[in-house]
Amino acid sequence: MNMDHSKIPQATAKRLPLYYRFLKNLHASGKQRVSSAELSDAVKVDSATIRRDFSYFGALGKKGYGYNVNYLLSFFRKTLDQDETTNVTLIGVGNLGTAFLHYNFIKNNNTKIAMAFDINEEKIGTEVGGVPVYDLNKLEEHMTDDDIPVAILTVPAQAAQSITDRLVALGIKGILNFTPARLNVPEHIRIHHIDLAVELQSLVYFLKHYSMQEK
């Protein structure tokens, strides 16, 4: 089925990998069908939202039957391009960056950190988790084609913008930013900010000032 993915709400698009992960677990356990209520309980998204999310893709289930796990898994694998690997570069091989390199999204068939960059001479020229670490000063020498469209930033905040400018000039299309810096990028660049300190502060605030019923 052909569809215009730009018409899918961004909130829905962000939930698709969550659904896909749960469906993989269901398939591995031998389950053949699942209801929206079961999905809701597993992924902690209300069933009405799940049905609305799925409705953007047409008739994925049947009333009274639920959803065929194999069909859904196949559908979302294709929708999320799980059979096509996207190479990623990582900038900053500190504690967080090193953890990413060792993990390297081994449970995600479609994403892989292909190379990393740092300024630490003790790390340059080594491999971490099987990923080569290059000199950040030679970024432009190593990223010479369009095969790596995504970058992960785990660098000090003060260096983030200048590195981002270089990545944009090299044709990077998306950045996952783990620095506190709010980066300026052209409109055609997709950037997701993940500030762990802010998320933690937000969690503590909600625990103190909101009841569980208000979440």
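Including glycine, each Cβ sits where the backbone N, Cα and C put it.
Per Swiss-Prot, DNA-binding region is recorded for 18-57, and the stated evidence type is sequence analysis. Within the model, the DNA-binding region (18-57) carries an average pLDDT of 88.
As annotated by Swiss-Prot, NAD(+) binding site applies to G92, V93, G94, N95, L96, G97, with the evidence given as sequence analysis. Its own atom aside, the Cβ of L96 (NAD(+) binding site) has 16 Cβ atoms within 10 angstroms in the protein chains shown.
Sorting the DNA-binding region (18-57) by DSSP state (H, G, I as helix; E, B as strand; all else coil) yields 28 helix, 2 strand, 10 coil. Same-chain residues at least 6 positions away in sequence with a Cβ under 8 Å from that of G92 (NAD(+) binding site) are, in sequence order, F117, D118, L153, T154, V155, P156.
Of all Cβ atoms in the protein chains displayed, 24 besides its own lie within 10 Å of the Cβ of G97 (NAD(+) binding site).
Long-range Cβ proximity for V93 (NAD(+) binding site), meaning a same-chain Cβ under 8 A and a gap of 6 or more residues, is found for L101, A116, F117, D118, N120, K123, V128, V133, T154.
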